[in-house]
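Asker: Structure incoming, see below.
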Amino acid sequence: MSGQQGMGDGFLTTTLDAITNWGRANSIWPMPMGLSCCAIEMMAMAGPRYDIARFGAEVFRFSPRQSDLMIVAGTVTYKMATVVKKIWDQMPEPKWCIAMGACSSSGGMFRSYPVVQGIDQFLPVDVYVPGCPPRPDAVIHAVMEIQEKIKRQKDSFQDSFLAEDDAPQVRQPESPKEKEKLTVSE
């Protein structure tokens, strides 16, 4: 864990952010959006030969409310893009996205009017995995890149509870008459 400092026998100090990021990075819950042939390679990644369980991402969640990583695998049409975006919006923060394969990254070989030429037109993509279809070890490498990105996050855990948008707003009176109205209580 980054940010750790030893303090002698049996003591270890760290920050709350470092321990939170360590937990998030080692317990990723992916949600597969298998739309094409890349989904077959994604299923192979979860099998015993590649063993994605080593990286804490063995449990695929098919509910967006229980996942924090969306793996979009395959061709996305404009009609399907609205569905993918709605599912993305249902995922809790923090969340990450992997564009798996040439079709989800850039439209692939389907350069026609109904196909979205890259899901980065409507989703923030964290890692692109090249290939048609990409091998399972390439997807595992992408999961490892997501883990490193999570570990490097700098946003403060405490600041998320004290965001300026949530702070109580105090309005100051503008005129003496308005000040009287605010001080009189009946």
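Cβ coordinates are placed from backbone N, Cα and C, and glycine is handled just like the others.
As annotated by Swiss-Prot, [4Fe-4S] cluster binding site applies to C37, C38, C103, C132, with the evidence given as sequence analysis. The feature region 'Disordered' is assigned by Swiss-Prot to 157-186. Under the heading compositional bias 'Basic and acidic residues', Swiss-Prot lists 174-186.
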Asker: Hey, does DSSP put C103 ([4Fe-4S] cluster binding site) in a helix, a strand, or just coil?
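Answerer: Going by the DSSP assignment, C103 ([4Fe-4S] cluster binding site) falls within a helical segment, counted as helix.
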Asker: Once near-sequence residues are set aside, which residues in the chain of C37 ([4Fe-4S] cluster binding site), 6 or more away, have Cβ atoms under 8 Å from its Cβ?
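Answerer: Spatial neighbours, sequence-distant, of C37 ([4Fe-4S] cluster binding site): G74, P133.
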Asker: Taking the center of the Cβ atoms of C37, C38, C103, C132 at the recorded [4Fe-4S] cluster site, which other residues in this chain have a Cβ no more than 8 Å from that point?
Answerer: S36, A73, G74, T75, M100, G101, A102, S104, G108, G131, P133, P134
